[in-house]
Amino acid sequence: MSENNEIEVMQSVYDKNDEVAKQINEALTAKGIFAINVMGAPGAGKTSTLIKIIERLDGTTPYVIEGDIEADIDTKTLLALGVKTIQINTNGACHLDSPLIGEAVESLNIKDGILFIENIGNLVCPAEFQIGEHVKMLISTVTEGSDKPYKYPLAFEKANIIIINKCDLLPYVDFDEEYFMKGVRALNKTAPVFKISSKTGEGVQDVVSWIKQNLK
Amino acid sequence: MHEYPITKRIIEISEEFAKKNNADDIKQINLVVGDYSGYVASSIELYFDLIAEDSICKNAVLNIERVEPKLKCSDCGKLFKRKPFSFACPYCQGEGRPTEIGQEFYIKSIEV
Ligand SMILES: [Zn+2]
């Protein structure tokens, strides 16, 4: 009995976010900023890895947007090191989206350098949203186990660079690197994978070299 | 958690299309949601009734078509649903690669 008249829509519901992300990306590029979306689980060592990278940037200016659900501990640490940082609290939301980044970028007066955007500690939602970045950096750890690519495929698929952190703990944990890499390569043929320790700084220089090669 | 704003956006887009077609009542919204889209179909449904209340979508039925993610085998080319902890093709044991199937999130049509 229903006489519905069907109207074709075929429109992505992501459109607003992606449109804003594209604008942010263009604005950042015009300012000479290379933006890195840093993703990883809570406790993966995102902030400590950033600090080790920033210490080695050598002449390139770093900026940081710290996404957090509610705390600002990481921002205080970075500010104490003299890094221009701003805090975004999502008040419960599980990822950063592009309107949030747009506001933050405006308030951070930035030019010529690298913008690290530390996403919320979560391996699910951050992978799904463009936020105006040039590359996505995924930080996984040997303590999380080698099954992460199998459990969070999208994050590994979308990453442009993958870091295995806490490698100083390899003698103490059961991390099956072969199984991990098999999963990574099934999802992502091209992203380089770097083994580092954000505690000792081992391997970080290679990450910095990769970033510098990919600048501009 | 992030379904609330996106549900609002679904209603907004539906209204735009209804207005363009001179309709003032939306009876059905046909939405396609992939399981890897990052959005949970049941949460969207939950918010929908609440947000639609003050809009021309208030009588609308939200019809969600879910899409299961599929991998494509690099060896034999077949599409398949992956087993937990594996990317292996069930037909030839080759290696599956991610596809767009399962990442959809769009409004297919509205019925007015
Ligand atoms: Zn096959």
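The backbone N, Cα and C atoms fix where each Cβ goes, glycine too.
Going by TrEMBL, these are the annotated features:
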- B:His2: Ni(2+) binding site (BINDING)
- B:Cys73, B:Cys76, B:Cys89, B:Cys92: Zn(2+) binding site (BINDING)
Write out, in the order they occur in the sequence, the residues of the chain not among B:Cys73, B:Cys76, B:Cys89, B:Cys92 that have a C-beta within 8 Å of the mean position of the C-beta atoms of the recorded Zn(2+) site.
-> B:Ser74, B:Asp75, B:Gly77, B:Lys78, B:Phe80, B:Pro90, B:Tyr91, B:Gln93, B:Gly94, B:Gly96
Could you tell me the C-alpha distance between B:Cys73 (Zn(2+) binding site) and B:His2 (Ni(2+) binding site) in angstrom, no decimals?
-> 33
Which of the binding-site residues B:His2, B:Cys73, B:Cys76 have a Cβ lying under 8 Å from any Cβ of chain A?
-> B:His2
Cβ density check for B:Cys89 (Zn(2+) binding site), other Cβ within 10 Å (all protein chains) comes to 21
Cβ proximity for the residue listed as 'Ni(2+) binding site', under 8 A, sequence spacing 6+, ordered by residue number, returns B:Gly38, B:Tyr39
B:His2, B:Cys89, B:Cys92: which of these binding-site residues put a Cβ within less than 6 Å of any ligand 1 atom?
-> B:Cys89, B:Cys92
Provide the number of Cβ atoms within 10 Å of the Cβ of B:Cys73 (Zn(2+) binding site), excluding the reference atom itself.
-> 20
Neighbouring C-beta atoms (10 Å sphere around the C-beta of B:Cys92 (Zn(2+) binding site)) | 13
Do any residues at least six apart in sequence from B:Cys76 (Zn(2+) binding site), in the same chain, have a Cβ closer than 8 Å to its Cβ, and if so which, in order?
-> B:Cys89, B:Tyr91, B:Cys92, B:Gly94
